[in-house]
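Asks: So Swiss-Prot lists the following for this protein:
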type     : residues : note
TRANSMEM : 26-46    : transmembrane segment
TRANSMEM : 54-74    : transmembrane segment
TRANSMEM : 97-117   : transmembrane segment
TRANSMEM : 139-159  : transmembrane segment
TRANSMEM : 170-190  : transmembrane segment
TRANSMEM : 194-214  : transmembrane segment
TRANSMEM : 245-265  : transmembrane segment
TRANSMEM : 282-302  : transmembrane segment
TRANSMEM : 318-338  : transmembrane segment
TRANSMEM : 355-375  : transmembrane segment
TRANSMEM : 397-417  : transmembrane segment
TRANSMEM : 418-438  : transmembrane segment
Amino acid sequence: MKDEQLYYFEKSPVFKAMMHFSLPMMIGTLLSVIYGILNIYFIGFLEDSHMISAISLTLPVFAILMGLGNLFGVGAGTYISRLLGAKDYSKSKFVSSFSIYGGIALGLIVILVALPFSDQIAAILGARGETLALTSNYLKVMFLSAPFVILFFILEQFARAIGAPMISMIGMLASVGLNIILDPILIFGFDLNVVGAALGTAISNVAAALFFIIYFMKNSDVVSVNIKLAKPNKEMLSEIFKIGIPAFLMSILMGFTGLVLNLFLAHYGNFAIASYGISFRLVQFPELIIMGLCEGVVPLIAYNFMSNKGRMKDVIKAVIMSIGVIFVVCMIAVFTIGHHMVGLFTTDQAIVEMATFILKVTMTSLLLNGIGFLFTGMLQATGQGRGATIMAILQGVVIIPVLFIMNALFGLTGVIWSLLIAESLCALAAMLIVYLLRDRLTVDTSELIEG
């Protein structure tokens with residue numbers, strides 16, 4: 001490993017190390033929002049609602065591909081960080097090689113299994129009439145690019161795992177930048193419409209994946225792309241998938257939860273959907289910053305879990321303090337100028353009032369959300385597969401029974417408060433799980449290596 005990477009893992013002031021790992025991730029999570037709206041933004045110029053719907057309907061498929069990337073990216077990435085903390089550099093090469101080619105294999109399976117059934121999958125997603133063919137065409141490009149999309153998510157995680165978060169951010173920036181350039185060229189210049197939007201995203205992912213591969217080949221002695229090293233054993237598979245599977249489940253279940261929430265809101269009409277949509281966009285930014293903060297320090301926690309428990313605890317304390325500061329600043333803003341913030345999106349006073357109310361409720365849950373993110377990251381970083389699995393399932397499904405109960409009792413107001421109640425339950429569960437696993441979080445390095 002490079003001396004600079006070791007410095008931030010082992011010696012730099014805790015806050016400096018936290019920002020080194022987290023700031024690029026914060027920027028990256030915000031970029032993901034841009035990524036999500038780019039295609040719709042450019043397609044919007046064509047003023048064809050069917051095309052916009054087609055792109056929107058494919059989001060669950062993208063979530064699945066991201067989840068498959070997390071299966072190896074998060075699972076192997078946290079394992080690699082722990083191996084580096086234990087100074088076991090040679091084993092990390094085998095782990096990375098297996099994960100890279102395992103991800104490519106998953107992508108090829110997606111092509112073989114999903115591509116022939118693009119029309120049927122589009123129909124399952126809800127595409128009808130003119131939207132069906134458009135959605136199917138978009139999916140075909142998405143499926144064909146699956147190996148590179150999955151590989152992109154894996155390699156981005158690996159860059160952070162070895163202490164190179166800036167490389168991770170550069171890769172994401174390059175991908176978004178290329179997509180911004182390609183979308184108008186392919187959509188308008190070549191008159192490819194929806195297919196052009198899909199190709200822009202696909203080519204951007206291919207380019208970013210190649211960027212990461214070239215970087216690792218030239219600069220890393222702990223991540224290998226040598227297929228000869230892709231030799232898994234029982235221990236490797238266990239360490240990767242006990243964290244990778246929960247990360248995969250979280251990606252899938254969170255998308256499902258969003259779908260269920262939309263169904264409840266739709267019952268109250270466009271007024272409710274529009275109000276929630278505005279508040280969601282406002283809460284999304286601090287939420288993504290906190291998510292980036294918590295996910296960014298996962299490699300730092302994983303590394304020091306194996307080498308310096310005291311530093312690991314200091315990192316966790318610094319993150320909690322930072323979450324608290326972000327929360328206080330956001331609450332002050334919402335309760336003083338929240339009405340004006342919402343007013344930037346609409347002049348409809350009924351929507352402004354409801355969206356402001358929703359904003360206050362959802363922003364109140366920001367602290368609890370942050371605790372859930374942090375403790376889930378801790379469980380992933382320290383290899384606590386069972387705890388991570390429980391948290392992944394809870395974060396994905398606990399809101400569903402809460403929604404049914406609160407909707408039956410209090411209507412739309414109950415649906416809104418369900419968000420805070422669900423976050424509270426998940427945060428309490430996370431704290432309980434961490435407390436119950438406290439002995440494992442302080443186990444000696446020698447015991448971990450031998451086990």
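Sequential numbering from 1, following the chain as shown.
Using N, Cα and C of the backbone, Cβ positions are placed for all residues, glycine too.
Show me how these features fit into the structure around them.
Replies: Sequence-remote contacts of a segment are chain residues at least 6 beyond its ends whose Cβ falls under 8 Å from one of its Cβ atoms, and for the transmembrane segment (170-190) they are 27-28, 31-32, 34-35, 38-39, 42-43, 45-46, 152, 155-156, 159, 196-197, 199-201, 203-205, 207-208, 211-212, 215.
Outside the transmembrane segment (245-265) by six or more residues, the chain places 59-60, 63-64, 66-68, 70-71, 73-75, 272-273, 276, 376, 380, 385, 388-389, 391-393, 395-397, 399-400, 403, 407, 415 with a CB less than 8 A from a CB of the stretch.
Long-range contacts of the transmembrane segment (282-302) within the same chain, counting only residues at least 6 positions beyond its ends with a Cβ under 8 Å from a Cβ of the stretch, are 8-9, 17-18, 21-30, 32-33, 77-78, 81-82, 85, 160-163, 165, 312, 315-316, 319, 322-323, 326, 330, 341-342, 359, 362-363, 366, 369-370, 373-374, 376-378, 380-383.
For the transmembrane segment (318-338), the residues of the chain that approach it from at least six positions outside its boundaries are 14-15, 18, 286, 289-290, 293-294, 297, 356, 359-360, 363-364, 366-367, 370-371, 374, judged by C-beta separation under 8 angstroms.
For the transmembrane segment (355-375), the list of distant contacts is 274-276, 278-280, 282-283, 286-287, 290-291, 293-295, 316, 319-320, 323-324, 326-327, 330-331, 334-335, 338-339, 341-342, 345-346, 391, 395, 416-417, 419-420, 423-424, 426-427, 430-431, 433-434: same-chain residues at least six beyond its ends, Cβ to Cβ under 8 Å.
Long-range contacts of the transmembrane segment (418-438) within the same chain: residues 361-362, 364-365, 368-369, 371-372, 375-376, 378-379, 384, 387, 390-391, 394-395, 398-399, 402-403, 406-407, each at least 6 residues beyond the stretch ends and with a Cβ under 8 Å from a Cβ of the stretch.
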Asks: Restricting to the same chain and to residues at least six past its boundaries, which positions have a Cβ under 8 Å from a Cβ of the transmembrane segment (397-417)?
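Replies: Same-chain contacts beyond the flanks: 253, 257, 260-261, 264-265, 267-268, 272, 276, 357-358, 361-362, 425-426, 429.
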Asks: Which residues of the same chain, at least 6 past either end of the transmembrane segment (194-214), have a Cβ under 8 Å from a Cβ in it?
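Replies: 35, 38-39, 42-43, 51, 54-55, 134, 137-138, 140-142, 144-145, 148-149, 151-152, 155-156, 158-159, 167, 170-172, 174-176, 178-179, 182-183, 185-188, 225.
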Asks: Can you tell me which parts of the same chain pack against the transmembrane segment (97-117), counting only residues 6+ beyond its ends and a CB-CB cutoff under 8 A?
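Replies: Answer is 65, 68-69, 71-73, 75-76, 139-140, 143-144, 146-151, 153-155, 158, 224-232, 236, 240.
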